[in-house]
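Everything on this sheet refers to the single structure shown next.
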Amino acid sequence: MSSTGAGENRGGLPRRARALARRGWKVLRVNWHLGVTAFGGPPVHFKIFNEKFVQKSKWVDEQVFQEIFSISQSLSGPASTKMLYCINLLHGGFMAALFSFLLWSLPGAIGMFGLSIGVSSIDENLPRIVYALLSGLNSATVGVIALAAVELSQKAITDPLTRIIVFVTAAAGMLYNALWYFPVLMLVSGVATLVNDYRWVHRPVGALAKSLKRKRAAHPEAGPQDTTTVRSSHELGSTQPEPRSELPVSEDETNKNDRPSGSTAENEPRIVPQELRLNMSWKTGTVIIVSFFLSFIVAMVLRSVLPAPGPPILYRLFSNMYLAGTIIFGGGPVVIPLLREYVVAEGWVSARDFLIGLALIQAFPGPNFNIAVFLGSLTAINAGHSSVAGALIAWIAIFSPGLILVHGTMGLWSAARNRRWVKSVLRGINAGAVGLIYTAVYRIFMVGYIDQGFQAGRSLGDDPWWVVITATSYVGGRYFKLNAPSAIVLGGLMGLIRYGVVNG
């Protein structure tokens with residue numbers, strides 16, 4: 001009996017190993033190229049993921065994709081990285097998700113690390129041809145992101161309300177910028193669709209209108225024609241169905257026609273296929289989230305209470321990146337100014353080197369958060385420490401919060417996804433997040449033109465050539481199927497052409 005059990009155990013281990021190897025090969029086969037071909041930042045990444053995992057491989061369906069998109073946007077950290085992690089988590093489990101993250105992030109991280117070594121040894125000013133190349137890359141990136149924003153809008157806009165939300169969040173994001181601002185915009189967007197779908201405003205407004213009609217009907221000074229009109233309306237109301245503001249929200253089929261046009265907050269529970277369900281309970285998800293916040297508190301307390309001269313610089317680098325990864329909402333466009341405060345203001349990296357990293361990361365595939373590797377390496381080099389240690393610390397610290405939080409949230413999501421109010425809120429968050437992509441287009445446009453005299457960046461609109469590159473990138477992708485990598489390379493070449501014409 002025991003020998004048979006031992007034989008089963010010996011045979012079971014190879015079987016599990018083979019199954020793990022098969023899953024790993026499947027993840028590699030589908031994900032291997034994303035880390036080296038996904039240019040353009042999160043908005044373009046979402047488009048690429050939709051084509052890859054919804055339309056081609058069919059790992060998830062469109063509704064699950066939109067759900068994950070909303071979850072990724074509503075949590076802190078790198079949005080496209082969290083989305084790729086969740087798709088692979090649903091399809092193959094934790095090891096598949098972790099492997100996909102490494103395939104996704106490491107190519108760009110290694111490239112940014114190599115560039116940090118080179119930047120640490122260059123002169124104060126770069127050759128002007130380099131600035132022309134970087135400006136061309138930035139210009140093409142703006143066009144690629146603008147195209148992604150338009151295409152994502154077509155899916156996020158389901159009715160007039162979501163159209164308004166996309167517009168308002170885009171405009172609001174352009175007008176003001178603060179750490180707390182983007183999360184508030186997305187929260188307000190979710191509340192707006194919730195209030196609309198549950199008709200919390202429609203009922204009191206309908207009751208007020210009915211009350212006013214009754215008062216008008218009761219006034220003797222109203223003219224005969226007015227009185228007849230009011231009575232006619234009241235009499236018709238007695239024979240027609242009650243206004244939709246008075247219908248119970250809990251009713252289902254009888255209220256379907258009374259909901260806003262295009263609403264996706266159906267009462268009917270969605271039947272999720274077994275292969276799209278995550279085998280994790282909401283209790284496990286809660287434990288993961290609580291554990292993360294405990295670790296965050298400990299890291300921040302240690303940074304504050306360690307005696308003078310304070311914690312070592314590498315620990316301060318870790319705590320600053322850990323904090324940035326925890327409080328950043330909105331992805332790459334938000335992480336840039338925040339990391340400037342946490343690295344340049346600390347005196348660890350020069351403003352020039354930071355701006356070079358900003359220009360380079362726009363032209364690199366994979367997540368924009370890989371700029372942390374660039375900054376971590378330079379911080380360690382300038383402080384006399386190992387560049388590898390600095391890069392690794394920064395990379396782990398800035399990516400960990402978002403991945404941990406989204407992993408825990410996916411456990412909670414399994415229990416909450418069929419609730420009508422959750423669908424309503426996510427519909428609004430989804431529209432708000434798409435609106436903020438237009439904000440990203442604006443912000444990169446306003447600092448994309450760099451040269452020796454203005455290394456902090458100027459608007460691409462200051463020179464018509466950069467606008468032409470942006471338009472070429474957009475039109476090429478929209479109407480001529482020019483993919484994002486080709487558009488960005490073309491932008492760099494057009495930047496070099498400008499340099500040759502102006503300085504030739």
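Glycine is treated like the rest: Cβ placed from N, Cα and C.
Those TrEMBL annotations? Automatic predictions, nothing curated.
Going by TrEMBL, these are the annotated features:
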type: TRANSMEM; residues: 92-117; note: transmembrane segment
type: TRANSMEM; residues: 129-152; note: transmembrane segment
type: TRANSMEM; residues: 164-182; note: transmembrane segment
type: REGION; residues: 212-270; note: region 'Disordered'
type: COMPBIAS; residues: 225-242; note: compositional bias 'Polar residues'
type: TRANSMEM; residues: 286-306; note: transmembrane segment
type: TRANSMEM; residues: 318-339; note: transmembrane segment
type: TRANSMEM; residues: 392-416; note: transmembrane segment
type: TRANSMEM; residues: 428-450; note: transmembrane segment
type: TRANSMEM; residues: 482-501; note: transmembrane segment
Contact call for the transmembrane segment (129-152) against the transmembrane segment (392-416), three or more Cβ pairs under 8 Å: no
Cβ contacts under 8 Å made by the transmembrane segment (164-182) with residues that lie 6+ beyond its boundaries: 153, 156-157, 189, 192-193, 327-330, 334, 337-338, 428, 431-439, 442-443
Contacting positions for the transmembrane segment (92-117) when only residues 6+ beyond its ends and CB under 8 Å are counted: 20, 23-24, 26-28, 31-32, 34-36, 38, 81, 84-86, 279, 357, 360-361, 364-367, 370-371, 373-375, 377-378, 381, 387-388, 391, 395, 399, 403, 407
Same-chain residue ranges lying at least 6 outside the transmembrane segment (482-501) that approach it to Cβ under 8 Å: 37-40, 44, 48, 128-129, 132-141, 143-144, 363, 365, 465, 468-469, 472-473, 476
